[in-house]
Amino acid sequence: MVQISQIGAVLAVCSTLTVAAPTKGKARFNVPQVAVPMKAVHHPAVAYARALHKFGMKVPKAVSDAARGSVPTTPTKDDEQYVTQVTVGQGKLNLDLDTGSGDLWVFSTETPKDQSQGHNLYMPTSKSKRLDGYSWEITYGDMSSAGGDVFLDTVSIGNVTASSQAVESAKKVSDQFAKDKATDGLMGLSFSVLNTVQPKPQTTFFDTVLKQLEKPLFTCTLKHGQPGSYDFGYIDDSKHSGEIAYTNVDNSQGWWGFTAESYSIGGGSNSTHSFHGAQHHGARGSSIDGIADTGTTLMLLSDDVVQEYYKQVQGAKNDQQQGGWVFPCDAKLPDFTLSISGYNAVVPGKFMNYQAVGSVCFGGLQSVGSSGGVPNIFGDVFLKSQFVVWDTEGPRIGFAPQA
């Protein structure tokens, strides 16, 4: 994961990447998510800390303390995690698809047995090509980490195969990853400039197979409380209602960045507000820049917007012990609407109830912080409310209500 301070270096190596040109192919495929029972449920501050660190933001001490001090709990029968099955080499792995990163890293037979137990493993064979002298390492805000070496191997999703895809094999993972048995790694779907392999970044799976696809795009239909799906190379119009509203993407830092002009909380004629405030939140006049990221669970916005939202939630407070905004679990939560190129994207209030922590519930909307130059993050809490098109032509991103 790339920090803000590293962006200059990342952009410098961008020109060394060889990305498949978006010439028209014929392939299209659907990838349904699958539900995997969770073996442990972490404190939501863990997800919050990872998101902040992922984008180079300072992790407040209260958030860090809550994340480090938490103990995984036994899940209920309804606790599930949604992953995507990907064939890596000779085996199938359950991976998280992450539009906020450019790495494809996996548990493997190189991962120590005490760290890989319970995971599906990538097994390099004689057909796998090790990239001598290449390595990768990632550290998250809750101090979870992973690292290892790099192979070129076949990676397949649906009917599309990348015959020489960089696969980052984990030779070490922290306890946080080892204990998360639901996932066997991560597949990054950002622009390839964010790939962290050294000494030379590698292309993402999407960029590798781009010329095979009918259209140079993918879509996601993530769901609240149930598995969603990804479609590559085409737009399934049965999955959305109404027209798709497109807006330009700023990929200068490797992310799927876009601009929202305004927001509203709840309903009524007096509920609409423009994004405003200090430039340290990326505001340009009445607009605000954000990043669409399937790899971030929460939605992270500026302090003033977050505070205004929770003023309308009875009993809500920024709890230092829990590391974020919490509220009574039976509290009525207002809808949150973003205006994007004239389209109103509505996040239902129920999506803002992320997870119970003791006698209260942790909010799906949290503060992005106040460090200079930090981006706003539109994570799964937002994305699960929309049908989203990620189009490399432009590039642009599109939104529509889910059917």
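Quick reminder: no glycine exception, Cβ is built from N, Cα and C everywhere.
Fair warning: this is a prediction, and the values are worked out from it, not measured in the lab.
Swiss-Prot has this to say about the protein:
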ACT_SITE  Asp98  active site
ACT_SITE  Asp293  active site
DISULFID  Cys329-Cys361  disulfide bond
DOMAIN    82-400  domain 'Peptidase A1'
CARBOHYD  Asn159  N-linked glycosylation site
CARBOHYD  Asn270  N-linked glycosylation site
SIGNAL    1-20  signal peptide
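Shown here: features listed in Swiss-Prot, placed on the structure.
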residue : record                      : DSSP (3 states)
Asp98   : active site                 : strand
Asn159  : N-linked glycosylation site : coil
Asp293  : active site                 : coil
Cys329  : disulfide bond              : coil
Cys361  : disulfide bond              : strand
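Between the C-alpha atoms of Asp98 (active site) and Cys329 (disulfide bond), the distance comes to 29 Å. For Asp293 (active site), the nearest of the recorded positions Asn159, Cys329, Cys361 in terms of C-alpha separation is Cys361. Minimal Cβ crowding within 10 Å, among the active-site residues Asp98, Asp293, is found at Asp98. Here the CA atom of Asn159 (N-linked glycosylation site) lies 42 Å from the CA atom of Cys361 (disulfide bond). All protein chains shown were included, and the count of other CB atoms within 10 Å of the CB of Cys361 (disulfide bond) stands at 23.
Cys329 (disulfide bond) and Asn159 (N-linked glycosylation site) have their C-alpha atoms 44 Å apart, to the nearest angstrom. Within the same chain, the residues at least 6 positions away from Asn159 (N-linked glycosylation site) whose Cβ sits under 8 Å from its Cβ are Ala27, Phe29, listed in sequence order. Of all the Cβ atoms in the protein chains shown, 15 others lie within 10 Å of the Cβ of Cys329 (disulfide bond).
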